[in-house]
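As recorded in TrEMBL, the features of this protein are as follows:
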| type | residues | note |
| --- | --- | --- |
| REGION | 15-64 | region 'Disordered' |
| COMPBIAS | 16-49 | compositional bias 'Low complexity' |
| COMPBIAS | 51-64 | compositional bias 'Basic residues' |
| REGION | 113-145 | region 'Disordered' |
| COMPBIAS | 122-145 | compositional bias 'Acidic residues' |
| TRANSMEM | 383-401 | transmembrane segment |
| DOMAIN | 396-826 | domain 'Citrate transporter-like' |
| TRANSMEM | 407-424 | transmembrane segment |
| TRANSMEM | 436-456 | transmembrane segment |
| TRANSMEM | 476-498 | transmembrane segment |
| TRANSMEM | 559-585 | transmembrane segment |
| TRANSMEM | 673-693 | transmembrane segment |
| TRANSMEM | 699-716 | transmembrane segment |
| TRANSMEM | 770-790 | transmembrane segment |
| TRANSMEM | 863-888 | transmembrane segment |
Amino acid sequence: MNYLNNLNVFKRRRNTSSTDASSAVSSPACPATIDAAGTSAGAAGTEAGTPRRKKTKKKKGRKRTISVVPISEVTEASLELWRTLPPKIRHDPSMVSFQQVELEHARLHGDCHEDSFPEIQGLEEDDGEEDEDDEDEEEEDEEYENEFITINVTNEEGQAKEIGHVKEKKEIPKPHVHHLAGHYIGNITPPKHDDINDTGQTNLDEDHPFRKYSKIICLFITWLLIMSFMVVKDEKMVEPKHLSISPGKTKAYILPHLPQSTRIKVTLEGTFLSEPYSNITEHYLEVYLQMLSSTLEGNSSDIYSSSSAKNISESWYIPIVHPYLFDSAPIVKEQRLFDIIDSNYEQLHQTNGGLVRLMIRSNIQASMPIAIRYDQSPVNRDVGVIYAAFVLIFLYVLIIWEIVHRTFAAVIASTLAISILAALNDRPTMEDIIGWIDVETILLLFSMMILVAILAETGIFDYLSVYIYKITNGKIWSLIHCLCLCTVLISSFLDNVTTVLLMAPITIRLCEVMDMNPVPILMAITVHANIGGTTTPVGDPPNIIITSNQYILKHGVTFLTFTAHMLVGVIIVVITTNIHLRIIYKNINHLRMHEPKELKELRRNIKVWERAAGKIPPYSKDANIVRETLMKKVKLLRHQYKKKMTKGTVPEDIYRSTLEELQREHPIKNRPLLIKSGVVCVFIVSLFFLESIPELRRLSSGWAALLGVVLLLIISDKNDMDAVLSRVEWPTLLFFAAMFTLMEAVERMGLIDWIGHATETIILSVSEDLRLAVAIVIILWISALTSAFVDSIPVTAMMVKIVVALSEKAYLGLPLQPMVWALAFGPCLGGNGTLVGASANVICAGIAEQHGYRFSFMDYFKLGFPIMLVSVLVTTGYLIMAHVVFAWH
């Protein structure tokens, strides 16, 4: 009978009842039935990892198989092409139309193929019809094909056996449950981040000999330069001199040595008025330099009456308080750099016995005591800026390319900066260097590290990890957003360093539970810690510097106004940052430690189906039917792959079993210690808040944290101090000490002042109606970009002076508050740009390394710098709209 003539009969019969269909296909002519075919095909597809589309609303005990091509389109020729496909593809549920037509054809003809629909088959068999091109293609995809066509089954005796005449090639991995703190079943710890290359393979190759010896030679040359400068140059000692300025007379102070450059730095201390109040007095002190052509002997009157004296500098006028207030006025320090023109400098050194004297006089009718310091060889700022930039570039080269550890790089760079100051005749004393280190920050970090170490003993971090894992239902993005939101909220009231110390252990444990790579999640919470610290005056050190300025406090910048203006911008930045993270990690596999097995199977199935479709030449309509069927299946697989890839959830059964085990294994270990630690934490946080109130400000953040830790050590009766101190990140503390020294040395070379003057010059160069917008943009972007590469504390201290100076100049017409908000956003958001841009970044890197995970400067730069640029750009738009367009201030 002709096949096409019987096709209509088959179409009518497929609409009959299930009982009739079942009896019809039970004919002895073929051992396989339609139901059996569908069942075996579905089993094969499920076993190989091929996904099956399901109804949105399923009925219990009933499955639905969807075909991608109608039966009416199946022709004899397309059926012949279908028969040439590998058994794995022929048995797939999406090919059910061809399967049913083949079964009906076999039933009517009584001719059933052995491999049509077997009850069990190998995942793929050689059909014996592959040509040489097929063999080459199969060799190229050996990685996919080997895992696709093999399966291992173990019998009761533990012996492997074959299925479908295909030999066992590898074992099916047993499911395992993750444990916290990096421990897995079977004592397997996750690989370190720095031991895995882009291909996922462990990289154990040692450094190339050329790179190794080049590094040693370069560092040795640097050491030689440092040693040479430090040995040759002495420390510069500038002793103060005390003078009394008589009324109506000019005091002449002869400098004992000729200046060694065209600049002389003079520092005066006395009852002066600060710059904001210089216009409320008519009393002033005049200071200038004179040159004498010969050595004068005799009394001071000879000096004053010398006709050979020549003024070699402009006059410097310093406002002073009224004489009645000399006894109660505070001592103010003023500095000035006098420039000597080249012709006078050459004349001074060509004249035998030439001298330089400092002339000081006042217009008040009373004697005035002052202290004077003078530096006859200050750093040439024009040259110092170049050297400072070189030192910073040198530091970033060492850190970016990981030539040495970042702590050692900071030590080398800071020592090199000090040696350069020595070469420029400005070598600081050891007392100066110790004074450069911000002991408050070091003390705060040290205390909080001990506090976190003791808290870890209570099991609170594991407990919180399990709780967050529970409320996020094993969804990756829900987990990330939850961690980031918690970080922002905590960082708003605690400094970002303390926030990272608290959140990083929780994040690492959660990532290990969900088989995720902790590195990108840690970097994400660090970014949000810096963003959250922008919200309040106590959230970040730059905010403390800004709100501690007396001029700013007197112009309406209170705790509430600061928080109100910053909160709106922070919310916008948090939203854009989370969107940015979703775009960066659109492929959820970039967040996983290992790719899920089902995704691997889907990817391999897509490869196999695409290869099968590629073998069918599109020369006829029948061939196009089969090819179109295969490509529809590929499209379906791609859709499922994309959905599973972006969904990012833990399977329900694994989530439930893991949650139960985690809740059972990670309760609170030491409740009494947890209660004591909680009391101490409340005590420390209370002191942090009291510090923000000027009337109650008695203890700094460092002292508050240290007193709290001492209290905790007393009430918890900790005797093993070695165990407690071993948890302190000493390399991180040394890194901060070296960075503080480096930043002060760079500032002494003139880099910070150069940036400040450039900023002020740009703002003054635009028209008056655009000055506020330009001032906001310049202050925000310069402080942000500078803070990304230079510590934000000296940058903020420098920019505060610029903001106050711009606000004081009434002719500019610049309101203070918008510039304050721009300055608050800049250093905090700019700290996200690089690994050394903020203290929290370095702390997070140290904690990650302590747990066996490591991210380099470039790893953080690739994530943080784009986020920083987008955040600053969004903040620019917010400030322009709020204060230029709507004048919120």
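Cβ from N, Cα, C; glycine included.
Note that TrEMBL annotation is computational and uncurated.
Among residues of the same chain six or more beyond the transmembrane segment (476-498), those with a C-beta under 8 A of the stretch's C-beta atoms are 444-445, 448, 468-469, 506-507, 510, 514, 516, 521, 524-525, 528-533, 535-536, 538-541, 570, 574, 577-578, 581-582, 588, 591, 648-649, 685, 688-689, 701, 705, 838-840, 843. Under the criterion of 3 or more C-beta pairs below 8 Å, with sequence separation of 6 or more, the transmembrane segment (436-456) and the transmembrane segment (383-401) do not qualify as touching, having fewer than 3 such pairs. Simply put, out of 407-424, 559-585, 673-693, 699-716, 863-888, 407-424 has the most Cβ pairs sitting under 8 Å from the transmembrane segment (383-401). Note on the domain 'Citrate transporter-like' (396-826): its mean pLDDT in the predicted model is 85. Sequence-distant contacts of the transmembrane segment (559-585) (same chain, six or more residues past either end, CB-CB distance under 8 Å): 477, 480-481, 484-485, 488, 492, 520, 524, 527-528, 531-532, 534-537, 543, 547, 591, 692, 817, 821, 824-825, 829, 863, 866-867, 870-871, 874-875, 878-879, 882, 888. Counting only same-chain residues 6+ beyond the ends of the transmembrane segment (863-888), those with a CB under 8 A from a CB of the stretch are 520, 523-524, 526-527, 531, 565, 568-569, 572-573, 576-577, 580-581, 584, 772-773, 776-777, 780-781, 784, 788, 815, 817-818, 821-822, 825-826, 829-830, 832-835, 837, 841. Only residues 6 or more beyond the boundaries of the transmembrane segment (407-424), in the same chain, are considered here, and those with a CB under 8 A from a CB of the stretch are 219, 222, 225-226, 228-230, 232-233, 379-380, 383-384, 387-388, 391-392, 394-395, 398-399, 433, 731-732, 734-735, 738-739, 741-742, 745-746, 748-749.
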